[in-house]
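Below is one structure, written out as structure tokens; the observations come after it.
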Amino acid sequence: MKGFKDWVFALSNSMASSRPLLGSDPFFRDPHQEQDNHSQAPAAPQPVTLSEPPCSTSSDLEILPPLSQQQVPLESLYQSSIDLNGKKHNPLAKIGGLQVQFLRLVQRFGQSQNNILVSKVLYRVHLAMLIRAEESELKNVKLRQDRAKALAREQESSGIPELDFSLRILVLGKTGVGKSATINSIFGQPKSETDAFRPGTDRIEEVMGTVSGVKVTFIDTPGFHPLSSSSTRKNRKILLSIKRYVKKRPPDVVLYLDRLDMIDMRYSDFSLLQLITEIFGAAIWLNTILVMTHSAATTEGRNGQSVNYESYVGQRMDVVQHYIHQAVSDTKLENPVLLVENHPSCKKNLAGEYVLPNGVVWKPQFMFLCVCTKVLGDVQSLLRFRDSIGLGQPSSTRTASLPHLLSVFLRRRLSSGADETEKEIDKLLNLDLEEEDEYDQLPTIRILGKSRFEKLSKSQKKEYLDELDYRETLYLKKQLKEECRRRRDEKLVEEENLEDTEQRDQAAVPLPDMAGPDSFDSDFPAHRYRCVSAGDQWLVRPVYDPQGWDRDVGFDGINIETAAKINRNLFASATGQVSRDKQRFTIQSETNAAYTRNFREQTFSVAVDLQSSGEDLVYSFQGGTKLQTFKHNTTDVGVGLTSFGGKYYVGGKLEDTLLVGKRVKLTANAGQMRGSGQTANGGSFEACIRGRDYPVRNEQIGLTMTALSFKRELVLNYGLQTQFRPARGTNIDVNINMNNRKMGKINVKLNSSEHWEIALISALTMFKALVRRSKTEMTEENEEEKIVNFLVS
């Protein structure tokens, strides 16, 4: 059995197939109100007592006399077994009465019951009844439809009871498209004022009348203004007044009128379609019929030759439908189209009705399509298909990736103070802090000038430069030790609460200027953004946009940083960046606070992060405590909470760090993240071996292994990172990553100030890559050309 959504969009390629049941937008009727106030089922007369009382519903249907010899109320004909047990308001019985009314109108408008449009409406009504019917009623649904056809023929031929069916139609469109003229053509008499030179309708008014026994009420509205600088405000005011007017009594059908001869590929009413969608919601298009006026105008091509009428109409309708799809952000909708001509000189048939160039009499078709829309809308109200279908892009269903959140959570290490890096270096230097510096024990060296250096042999030059490099390393190590002693002494003085510990006010100094152009262009405004570092611990800088326009400011955001040591044990820092352009607005901020206790250097840390992701914001809270369990061992426990897209993700982790001597650092952690009914587990192990001259020379090699488990899948990742100096003036960085899914990458970065041959190797590699790419593109073009030639031949 098809679901409701399949029922709505199953037949979307024809004129009637676009009639899904109305949406749940407040613009449309409330189903309870519709049942109480606007139900179209005729009032049931007093039932005729039969000679023998029925025993059941099925036996009652079998012993009924011919329809021409009785007057049986519709409610009794379509009652189900549930109604016989006491329910008076059965929606299936009311739909049965609605079917009879629809079939009577089919005959009245001269349509055959075998008409494709009639068949599709009946099919949808039948399918809707099957969806809502209970198991005991399924057998009677088909029987009701057959009885409805027979009863409709009988009632329409006899005219008893009188048809009680009404239409309430809202008319929308620009000024001058023929809204009032179309209303007059439907009634066959002037009921609404028209004027060819000025707007004929300046206020909302209802025009009522009867067409073929159907009570029709048109809600005529003021025309929308053409596109201009002030039209949007005026059109919005008109639409808001219309929305207030139809709020109490919503229309059954919406007509959107436009001139067929004024539509081209440069359709200028897209902003109007967007405005209608914004005011009423996308659901208004679910029961909207596109009415094209001036449909009998002469059709000519670009060269003045006549074109096929059907293709002429189809092209223009495709344009309008395309922009409606863009306005509602949905391509499933296909609105039905009605072609209308109101000019007195239009061709007429013997009955005096307007005939279009394709031979169609548009007035009966107009009424019949409005009836189909009304019937499907009433079925939706009676069966209470609410929130079953919607137009536009679905609501954001983006969910965060638990493995990604867990990976970020495990890597994130909370700050424990402003001098966190300095503390780690001090621990390494304290081991040999009291020893005499090796630099002071070195013999003096004579620095050679350029002329003397050139006279040395190649081996002597190498020995001389190596000696200078060695002395430079020892000198830098001596400076680090002196800095470490200074910080240690300041800490001792601070702990003794001496007055000399007050920090001196730092003088404001200008920061280095941002990179400017090579030329001295006076129009370049970089001088307006010079940054100053003052003693207030706030740093404000613009964010540079590398893709900016020439002679433009080139900055599209602002960056703010601050860090403060509130007291001896409390440290706080905050970083924020805001960027905005015409397409998006991005924000990133990080806030950290750390409190340190002297007991085993225990540190409590808290971090709050905010980051934009598309149209959503990601909030992240993380807290943890770090405790030095042994002299060279530190344990860290942390918890985290992340909010994204209205969902929350909670995680926890345990991390342990061990220092082995001066050069080996081992780190292991494990954690878990939960959210949205899912769980991700992971952990990592890292071993870092530092160089002999660390931290003066940042030479080290690191081995990492991470494991993530999610939905019974395990992903292992192996990594190798190394930085070393194979020779003086040459640095090499290697980064290798691989996983158990046979995926990975290798990055090698080489930097040298002496070996210029490396630049030639890089240039040759890039040249070969460009040549290979051009050959690939030429091969693809040749293959495409061969395929085209083969198809043509």
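One is the number of the first residue shown, and numbering goes on along the chain from there.
A Cβ is built for glycine as well, from the same backbone N, Cα and C atoms used for every other residue.
Source: prediction; values computed, not measured.
For 22-59, the entry in Swiss-Prot reads region 'Disordered'.
Per Swiss-Prot, compositional bias 'Basic and acidic residues' is recorded for 27-37.
The coiled coil annotation in Swiss-Prot covers 130-157 (among others).
Sequence annotations record features per position, and here Swiss-Prot assigns domain 'AIG1-type G' to 164-394 based on sequence analysis.
Among the features that Swiss-Prot reports, region 'G1' is placed at 173-180. Residue counts for the region 'G1' (173-180) under DSSP (helix as H, G, I; strand as E, B; rest coil) come to 2 helix, 2 strand, 4 coil.
Summarising the annotation, Swiss-Prot assigns GTP binding site to 176-181, 195-200, His294, 341-342 and lists similarity to another entry as the type of evidence. All protein chains considered, the CB of Gly178 (GTP binding site) has 24 other CB atoms within 10 Å.
Per Swiss-Prot, region 'Homodimerization' is recorded for 195-198 (among others).
If you look up Swiss-Prot, you'll see 199-203 marked as region 'G2', on the strength of sequence analysis. Confidence over the region 'G2' (199-203), given as mean pLDDT on the 0 to 100 scale, stands at 76.
Cβ atoms under 8 Å from those of the region 'G3' (220-223) belong to residues 170-177, 179-180, 183, 192, 199, 201-207, 238, 242 of the same chain, restricted to positions at least 6 beyond its ends. Marked as region 'G3' by Swiss-Prot: 220-223.
If one looks beyond the region 'Homodimerization' (259-264) by at least 6 residues along the same chain, the residues whose Cβ comes under 8 Å of a Cβ in the stretch are 176-178, 292-295, 297, 313, 316, 319-320, 339. Summarising the annotation, Swiss-Prot assigns region 'Homodimerization' to 259-264 (among others).
The transmembrane segment feature in Swiss-Prot is assigned to 279-297.
Look at the region 'G4' (293-296): DSSP puts its residues at 0 helix, 1 strand, 3 coil. Residues or ranges marked as region 'G4' by Swiss-Prot: 293-296.
Feature annotation from Swiss-Prot assigns coiled coil to 410-442 (among others).
What Swiss-Prot lists as coiled coil is 477-503 (among others).
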Report summary line: Per the Cβ under 8 Å criterion, with at least 6 residues separating them from its ends, the region 'G1' (173-180) contacts 192-194, 199-201, 220-226, 255-259, 269, 272, 291, 293-294, 340, 342
Query - Densest Cβ neighbourhood among Ser180, Asn342 (binding-site residues), 10 Å radius - result: Ser180
